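Features of the protein shown, as given by TrEMBL:
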ACT_SITE  Lys184  active site, proton acceptor
ACT_SITE  Glu191  active site, proton donor
BINDING   Asn104, Ser130, Gly131, Gly132, His187, Asn188, Tyr192, Lys262, Arg289, Arg443, His449  substrate binding site
DOMAIN    180-465  domain '6-phosphogluconate dehydrogenase C-terminal'
REGION    457-476  region 'Disordered'
Amino acid sequence: MAKAEIGIFGQGTMGRALALNLAERGHDVAIASRDASEIDAAMAGAGPLAARLHPTRSLSEFVAILRQPRAVLFMIPSGAPLDDMIARIRLLLDVGDTIIDGGNADFNATRARAADLQPGGLHYVGMGVSGGEQGARHGPSMMVGSSDQSWAQLRPMLHAIAARFRGDPCVAHVGPDGAGHFVKTVHNGIEYADMQMIAEIYGLMRDGAGLALAQIAERFDAWRDGPLQSFLIDTTVRALRTVDPQTGHALVDLISDRAGQKGTGRWTVIEALKLGQSASAIEAAVAARAWSAEKDMRVAAEHLLPAVQPGAIPPPEVLEQALLAGRILAHAQGFRVMQAASEAYDWSLDPARIAEIWRAGCIIRSALLDDLALALRGDLPFGHLVLSPVLRARLTASIPALRQVVAAATLSGLAVPSLSAALGWYDSLRRGRSTANLIQAQRDMFGAHGFHRLDRPGTHHGDWVGELQSTKDNTG
Ligand SMILES: NC(=O)C1=CN([C@@H]2O[C@H](COP(=O)(O)OP(=O)(O)OC[C@H]3O[C@@H](n4cnc5c(N)ncnc54)[C@H](OP(=O)(O)O)[C@@H]3O)[C@@H](O)[C@H]2O)C=CC1
Ligand SMILES: O=C(CO)[C@H](O)[C@H](O)COP(=O)(O)O
């Protein structure tokens, strides 16, 4: 008998937590996994909520227990595992049923999957879910890309389980097909930049100022209630204060300094470049993770390349403001990329609503997002957050600190790639006259690419003086 309103395939970290969240809000959920022991563990750990969970042991049993039109949520790795599961389950579904991918997926693949399923009458939803295990269990932030029909079907359940910010559910139908996964991808890109900038400030305190771990934790702790207030600063304080029970050492000092990455940061940068945009602070964060992985080379390089004597590191209040400026700029880059995608794919993304649903539940939730939501609802000259009156004032106050920190780090030979990329972007935007006139001259000289003049219309070429020294050398 069809009993369940939704089915969740994949009972790993996220699938299991979402199933319990739905059950707690009174929804009947069918659960399935390729691994029967995951189902047993999910049922055993559900306590009284087990009454609302319906364990299934085969795909046909899973589909049969779902009310029609069916809604099947996959919480498994994107890519080949998902494609394989879609190929199997589509044979069992009926016209009007909906497949939802709640994992982190490349939005291009989401669009292709939606287009592939549509002729057979199946709906496909790409839904970004953020908040990690705790978010999924007690209230995630969700970014839904779907048809209006699928949104109407899913909305009551998603509203019920979403995180709430002052009563507002942190879930939105952001656009069609790939829009939800695109927005989630950019969310993760911002997450990468925020984490990297926090790590850069930690590095300045550790390697520049020579502070002990407890002192660094104290500094971050003091920022928890100020303008940097956020989930990621909270996680930083907890990380810095956790002691390994086996050794009695600070756990963070025992963790290998090679960062992992599953792809969403990289996708943000790739899509930004494809759209003719730059997300340089996010790119620097992706690159920093990649460089961190080259541990053996770095250890060797420390002895082969000249050391730099660290100079004075700015005081905590300056570090705090610098981190705030960097955070604002990373978000501004992310929102700029989303705006470009919205135009390119005709999505009509509502950036203010996106900021609103990121105010609770997700990994990048922070006090800043409330300001961003306000700024995005207001006047946004040239579509740039850095020009909104709210953020202009914030940046005017905090950019001098960012300059001070980037300068001190540079002179001390301490890498702050994300903070300095953010500052470089800000300084590029801030100049009415760039240096691209020289680039245009070079392009015309070596490739006859042409240029526009300030004093007359049309495309022109230069009558360049002299000859190229390198050409003379080669022919001589
Ligand atoms: N963890 C997090 O903080 C977040 C994760 N996500 C995304 O959610 C999705 C699930 O992540 P998470 O729950 O953390 O991952 P887990 O590794 O905890 O669970 C993955 C689940 O997918 C199943 N699975 C793996 N490969 C296959 C396959 N080839 N066919 C069928 N099932 C398969 C696993 O089964 P088995 O145990 O048998 O391998 C398991 O049930 C991912 O797309 C991830 O990117 C999104 C937001 C946050
Ligand atoms: O989506 C998330 C949060 O929003 C996940 O935590 C994400 O998988 C982390 O990415 P990575 O493993 O690349 O650091």
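The chain as shown is numbered from 1 upward.
Glycine residues also receive a Cβ, built from the backbone N, Cα and C atoms like all the rest.
Features as recorded by TrEMBL, highlighted on the structure.
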{"residue": "Asn104", "record": "substrate binding site", "Cβ neighbours (10 Å)": "20"}
{"residue": "Gly131", "record": "substrate binding site", "Cβ neighbours (10 Å)": "24"}
{"residue": "Lys184", "record": "active site, proton acceptor", "Cβ neighbours (10 Å)": "29"}
{"residue": "His187", "record": "substrate binding site", "Cβ neighbours (10 Å)": "24"}
{"residue": "Glu191", "record": "active site, proton donor", "Cβ neighbours (10 Å)": "23"}
{"residue": "Tyr192", "record": "substrate binding site", "Cβ neighbours (10 Å)": "28"}
{"residue": "Arg289", "record": "substrate binding site", "Cβ neighbours (10 Å)": "18"}
{"residue": "His449", "record": "substrate binding site", "Cβ neighbours (10 Å)": "12"}
Checking the recorded positions Asn104, Lys184, His449 against ligand 2, those whose Cβ falls under 6 Å of one of its atoms come out as Asn104
Expected list for ligand 1 (Cβ under 6 angstroms, recorded positions Gly131, Lys184, His187, Glu191, Arg289, His449) reads none
In three-state DSSP terms, Glu191 (active site, proton donor) is classed as helix
Cα of Gly131 (substrate binding site) to Cα of Lys184 (active site, proton acceptor), in Å and rounded, measures 11
One should report the C-alpha separation between Arg289 (substrate binding site) and Glu191 (active site, proton donor), rounded to whole angstrom, as 13
Rounded to a whole number of Å, the separation of the Cα atoms of Tyr192 (substrate binding site) and the residue listed as 'active site, proton acceptor' comes to 12
Per DSSP (helix/strand/coil reduction), His449 (substrate binding site) sits in coil
